[in-house]
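Per TrEMBL, these features apply:
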- A:34, A:36, A:86, A:89: Zn(2+) binding site (BINDING)
């Protein structure tokens, strides 16, 4: 599908007029959200090009985003973090031991695969709103996150397109 | 700035008609790219809602994305990965020791801060195209990435809006 990027991008380039935007995010905030295919932060939250850092990973987990958040805050001036998890998230459907087993069973007896996958915490969760509260708390308490950071937590509903704040 | 999300999102919801989209990405691919504020993968690459997983972190680094990639491939059926790094990336402007020093100097004598930041590899790079080739190679060789995965590497130019393939 990446074979379509050149054509799609050529169309974008014809109307591109944002080459002047600076490296630091103009609105000084970070959105952390899931990699889910039904999420598109720019249009769903009204983020203009140049405004915010957007960090995305499986689940929109804060711990996984920590390296990026430190860089964003210390070097590029962001001072607010909004965490979005979403309904019907894949992370609600499995557990770390389940995925480890699945990967090992795909290559039985492969000790390299087995050793590597056992080191990974897949950071799944079993309750949507709790996972958001946990991630807000994780960042609020983390010694490497700036103390004066405003941190909020949100649910995005893939069924309705609605975003609602819970923290 | 998250205070603007409810108003912005209410506008999005009025024209939302994509509530039927399924959890697995329809086009079975992953885009890995930077958190940079000037990057908006959906419009810049022509990714339709529901088509692809989008993973974003500081630099668009593959190693940082590994947990998410494994989940995407093993549980949600993706079979292609496109890695995008970009011109004028913040990751070209510092090194891990520099950022560790900066964080420690902000809280002199704080052993907790010092101990935690010394454990983080910030995954900076000093050459844009080399960093993309390294990340493509990293995934091609990684025992936990499926062997038949098509992996491509791209530069996105923030000055022109252009995307060009280099691997």
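Yeah, the Cβs are placed from backbone N, Cα and C, and that goes for glycine too.
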Do you know which of the binding-site residues A:34, A:36, A:86, A:89 has the most other C-beta atoms within 10 angstroms of its C-beta?
A:36
Binding-site residues among A:34, A:36, A:86 whose Cβ lies under 8 Å from any chain B Cβ:
A:36
Can you give me the residues near the recorded Zn(2+) site, meaning same chain, not A:34, A:36, A:86, A:89 themselves, Cβ no more than 8 Å from the center of the site's Cβ atoms?
A:33, A:35, A:38, A:39, A:59, A:60, A:85, A:87, A:88, A:90, A:91, A:156, A:158
Three-state secondary structure, which DSSP defines for residue A:36 (Zn(2+) binding site):
coil
